[in-house]
Amino acid sequence: MADQTNPWDTAQVADTTTQTADAWGTPAGVATDGGSTDWLNSAPAPAPEHFSLLDPFHKTLIPLDSWVTEGIDWVVTHFRPLFQGIRVPVDYILNGFQQLLLGMPAPVAIILFALIAWQVSGVGMGIATLISLIAIGAIGAWSQAMITLALVLTALLFCVVIGLPMGIWLARSPRAAKIVRPLLDAMQTTPAFVYLVPIVMLFGIGNVPGVVVTIIFALPPIVRLTILGINQVPADLIEASRSFGASPRQMLFKVQLPLAMPTIMAGVNQTLMLALSMVVIASMIAVGGLGQMVLRGIGRLDMGLATVGGVGIVILAIILDRLTQAVGRDSRSRGNRRWYTTGPVGLITRPFVK
């Protein structure tokens with residue numbers, strides 16, 4: 001036993017040091033677990049999961065999300081300059097449409113659009129277009145409507161330039177059509193919001209990425225209906241043209257495309273409607289126009305602002321739908337009259353045409 005009066009007793013010093021180091025005051029008789037020094041991580045290890053036929057999908061079997069993420073990251077790393085180069089023609093054409101539509105005074109643009117509608121679809125449609133465009137301007141949505149129209153027209157132009165030749169090629173190559181058709185199905189059934197993430201990573205945000213995602217979303221209808229229209233041309237007409245010595249080019253431009261034009265224009269109509277709907281959804285990636293008004297109205301709970309944008313979208317959709325339907329009428333429904341003998345153009349040319 002240590003002497004309590006001896007200050008040099010080492011046993012007493014060691015005992016005091018041990019008590020001082022034990023900050024938690026653990027009693028001497030209590031045994032401590034040497035393996036649980038890290039008390040923050042001392043939770044028991046989870047039990048291993050075993051595959052069960054009753055619940056086979058409890059754990060992810062195919063890590064598709066990580067595969068897609070890694071694939072997109074690889075594409076962005078290696079091909080982003082290529083996609084930035086694709087922006088150039090889209091940006092050029094979009095700026096041209098915007099400068100044209102926004103540069104014209106509103107009364108001039110309204111009269112011009114009304115005359116075009118009269119020429120394409122008759123005087124009734126011309127009057128309806130005039131009243132509708134005046135209504136868009138009266139509710140304070142004119143400039144935003146012109147931006148939306150520029151976006152839609154740009155996307156429609158690229159869809160026609162890409163989709164029409166692709167449809168002709170696939171109509172002539174059934175083997176290629178079997179390969180491309182599942183891709184068109186995927187493009188048409190994929191939710192519109194899914195396109196936004198990779199487009200933002202590859203192109204950024206703004207009007208140009210909005211046009212690109214609109215082109216991707218709205219392209220399948222014109223391709224499908226071009227294939228359908230060409231395949232529906234009667235076989236006896238094709239045989240008759242071949243018997244008269246028509247070349248493949250003459251067969252295409254003088255027989256197949258004219259007879260398939262109503263179906264192709266139905267595809268243009270569907271593409272136009274999808275483009276208009278996608279431009280509104282693309283407002284989430286900073287695309288301007290009427291869709292941005294709707295998005296701001298939703299974000300601020302401003303029912304008035306959202307209603308103005310929605311009414312403008314509805315009016316534009318109705319006008320564009322009726323005009324493309326009128327263009328798609330075949331010659332038999334319009335009669336034997338030439339286009340330049342009707343409408344406002346006919347009023348000007350009538351004195352000079354016998």
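Even glycines carry a Cβ here, placed using N, Cα and C.
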*asked:* According to Swiss-Prot, region 'Disordered' applies to one of these ranges: 1-28, 309-336. Which one is it?
replied: 1-28
_Shared topological domain relative to the membrane, Thr189 and Arg296, Swiss-Prot_ = yes
*asked:* DSSP-wise, what's the residue breakdown of the topological domain 'Periplasmic' (170-198) into helix, strand and coil?
replied: 26 helix, 0 strand, 3 coil
_the topological domain 'Periplasmic' (292-300): DSSP-derived helix, strand, coil residue counts_ = 9 helix, 0 strand, 0 coil
